[in-house]
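Worksheet for the structure shown next.
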Amino acid sequence: MDWSNIIFAFSLTLFAGLATGVGGVIAVARKAPGERFLAGSLGFSVGVMLFVSFVEILPKAVEELTGVWGERGGNWAATGAFFAGIALIAVIDRLVPTAINPHEPSTVGGAVEGYERRSRMMRAGVLTAIAISIHNFPEGFATFVAGLTDPRIAIPVAVAIAIHNIPEGIAVAVPIREATGSRGKALKWATLSGLAEPAGAVVGFILLMPFLGPEAMGLSFAAVAGIMVFISLDELLPTAISSGRHHTAIYGLVGGMAVMAVSLLLFI
């Protein structure tokens, strides 16, 4: 077991998780990013995550599993694990009430704007933080596994997840600041919601450690690819397009794919 790889993977996960704190800083400074920038950045994240999932992570899972179970068995196992990852994150997504679900951006704002009392604003912020923490847990596992796999994959994935964590931090910090008048409390809750990602990495590592081998790694890679694809299509792309900058989001998506492709080609 190479502890330097484990530390590297965990550091990337911590970096991605703490990006919610960046969102908190933006919220308390009352300087929100423009719609064009947000659409392009989220679209870029979608491009990176989709491309790396289908071109690098899923094929690597097939390679690991076919080495154990043969071509037919390995391909079936990788496909099953891929859709199991999608099912896992979809179930988590459905368990979170719509009004506080960070994957339902159109309802979050309306719910928060409808609260007239500070106590309800505080409750909205805390519940949003809890909801985001639930969603960030498997994302942390995904980033961690990518870090164990290959830095070429891990760094762009961590950056992509960090980008989409920034608006989540804003969603937590805004109602808490309005409720308490405290920038410190708003920033604290925004940052804490992102710490679920390194927690996901730790739990994933503890669960995987006794089973580290081609089977466990191959199944994990495929499941992580499924998780990343679902997050991209269910959360990031709709959020980017909902800004009203449809073409900017798509240009960002293509740009993310192109950057990811070039970064992989440079290391062949």
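Heads up, the Cβ atoms here are built off N, Cα and C, so glycines get one too.
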Swiss-Prot has HIS164, GLU168 down as binding Zn(2+); which of GLU139, GLU178 does it also list for that site? GLU139
ASN136, GLU139, ASN165, GLU168 bind Fe(2+) per Swiss-Prot; candidate in GLU197, GLU215 listed for that same site: GLU197
Per Cβ pairs under 8 Å, the stretch of 37-57, 73-93, 189-209, 248-268 packing most closely against the transmembrane segment (153-173): 37-57
Counting every protein chain shown, other Cβ atoms within 10 Å of the Cβ of GLU168 (Fe(2+) binding site) number 29
CB neighbours of ASN136 (Fe(2+) binding site) within 10 A? 27
Lying 6 or more residues past either end of the transmembrane segment (73-93) yet within Cβ distance under 8 Å of it, the residues of that chain are 58, 61-62, 64-67, 101, 103, 134-135, 137-138, 218-227, 229-231, 234
Which same-chain residues, if any, lie at least 6 apart from GLU139 (Fe(2+) binding site) yet have Cβ under 8 Å of it: ALA16, ILE161, GLU197, GLY200, ILE227, ILE231
Chain-internal residues near ASN165 (Fe(2+) binding site), provided their CB is under 8 angstroms and they sit 6+ positions away: ALA16, GLY17, ALA19, THR20, VAL22, GLY23, ASN136, GLY194, GLU197
